[in-house]
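Taken from TrEMBL, the feature transmembrane segment covers 231-253, 273-292, 313-333, 339-357, 399-418, 430-449, 461-481, 487-506, 518-543. Positions annotated as region 'Disordered' by TrEMBL: 583-620.
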Amino acid sequence: MENGKCQEDTPKELYEVPPLIKNISSVQVAGFDSIEECNEEIDPPNNPSTLRIGNVSSSGVQSDAEFQLDNHRRKNNVSLSMPPSPVGVQLSPKTVFSTGERIPNNGTSGLAALEKPQKATLFHSQPIPMGSTFEDATRNIKAAPHPSISRLKDRRYDSFKTCSGKLARQLTILRGKSQQQIRPDETEAQEAVIENNLPAERYFAALEGPELETLRPSEEILLPDDKTWPFLLRFPISSFGMCLGVSSQAIMWKALASSASTKFLHLSLKINFVLWIISIALVITVASTYLLKVLLYFEAVRREYYHPIRVNFFFAPWIALLFLAIGVPPSVASKLHPALWYVLMTPFLCLELKIYGQWMSGGQRRLSKVANPTNHLSIVGNFVGALWGASMGLKEGPIFFFAIGMAHYLVLFVTLYQRLPTNATLPKELHPVFFLFIAAPSVASMALANIQGSFDNASRMIYFIAMFLYFSLVVRVNFFRGFQFSLAWWAYTFPMTGAAIATIRYSTEVTNIVTQVLAVLLSVIATVIVGSLFVTTIIHAFVYHDLFPNDIAIAISDRKPKPPHKNWFQNLRNGNSESQNIENFLKFSDPDSKDLEACVGPKTSEGEDGNVPSSSDQPQ
């Protein structure tokens, strides 16, 4: 122990340290187990003979020889178990062996020790700190895990995973874990099994807006709305719109470099090659990310497919592949095998049998109910396939898809043009989607020209329809002011690029200064918009991190919200017309009168009956 203080002054004497004690270092740790001498005298009655050197207390061990305290250097590591207090301690006769020497102790030297003044010490307890830095750091990590780790362990997302709560519960039981051992949060997550095949009316009841992406105030979602969800749950199928915009640019620059009407620009096909490579990289990135979502969160993908609006974007990946096939550089392949056309058009046929059948059969997914500009994506694929198939020399297949696409485009065009009462007005953020009106007629004019072998009158009529819709949207500048960036902006790129390509094709048939300038102007506008959106998308994705917000549309509950409790007294105060009529009837009726129908209002000061004021005139 440390810092002993004596009560009486005693002369400094040197004592010979026993061999065992001599091997123990008392200065191993500074300030610990050390002895400080002082000149205070010891009161013999209160301080029995005790000698404590280092951490060793020996009572009654005395020798006539003088103790020699030299060096106190450690020679051997010796561990001794000592009593907590030296008061009244008498060592029992024992023999301690250390370094080959024997120290006898017969217990009789304690009386001799009382005859000599001793150096008293005060003993202070110094607890040794417990734990370690590594254990403390591990405990802190367990107490405050990283947010990304917590999000991965959140059981509330299990309902949207491929292995849902039912399978997790079965695996838990197979591991030998009883129901009582399951934590409450695991039980809630396992019981929150969602209904995957939601009916269309549930989407219309829970969501609002033309894209059905805004949650109604009375609805609740299955996922936390105050936290950022995992990235795959926030990655929508509409991200393939970026692939459509960039891959269509590759086709446009190929047409500019190879068309006779634009030879004066002296453009190289290297631009087409670079854009085509970028398009392939973008398609692979988006497709692999969404494929990972299919593997890990299949239930979320299923909900997107049953969404009345999102289902149209399932055509986008296949349209992007068709664009890559049309825009392939001549240096890579001059002509692709016709079998590839049948492979890529098979998904279109399967999806159209599903979607077009719902449009015609009625119900909540009938066209008049779900009509939206994004429905053009299900139409454009037919014309793009017909365009590519006709350029490869095919006949029957391109005509088939062109006829199917034209029939449904006319129905869709009329439905959207009327804006039936069931369709809400598009908000500002979705006004760019109106440019999808241009995409179908632009591609259809080129597809019909390839089928007929020339840009004839029918193709020109369809092309003129596309140009009229294009300029009717461009002149409305207010459509493009005062709203923030979103993925819906990519709806500008693909249709405007398609209009530029159709104009290049038209200028080849009708070559003059007007058509050539128009082709160059539309191509420049489309290129500037695609480049600006591409840079803006990268900034919002990697700098602002707000490109993919929580996808509320896939997290709606399958249960209808409970209707609010209707209080008849509140209805009476809020000016309900029926309640007010009843109140006025009872208030102003004359019990002596036989004509109760005449008592419909209060009597005026002149004694005439007044009319019952309307609900809008009643004071609130």
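Cβ atoms are placed via backbone N, Cα and C, with glycine included.
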May I ask for the residues of the chain that lie six or more residues beyond the transmembrane segment (231-253) and have a Cβ under 8 Å from a Cβ within it? 157, 160, 223, 267, 271-272, 275-276, 278-279, 282-283, 286-287, 289-290, 292-293, 296-297, 300-301, 304, 310, 313-314, 316-317, 319-320, 323-324, 326-327, 487-488, 490-494, 497-498, 500-501, 504, 523, 526-527, 530, 533-534, 537, 548-551, 554
Sequence-distant contacts of the transmembrane segment (399-418), meaning Cβ under 8 Å and at least 6 residues beyond its ends, amount to 345, 348, 352, 356, 359, 367-368, 371-373, 375-376, 378-383, 385-386, 389, 437, 440-441, 444, 447-448, 451
Spatial neighbours of the transmembrane segment (339-357) far in sequence, C-beta under 8 Å, 6+ residues away: 311-312, 314-315, 318, 321-322, 325, 378, 381-382, 385, 388-389, 392, 394, 397, 401, 404, 408
Given a Cβ distance threshold of under 8 angstroms, which distant residues of the chain, six or more beyond its ends, lie next to the transmembrane segment (461-481)? 428, 431-432, 434-435, 437-438, 441-442, 444-445, 448, 455, 496, 499, 502-503, 506
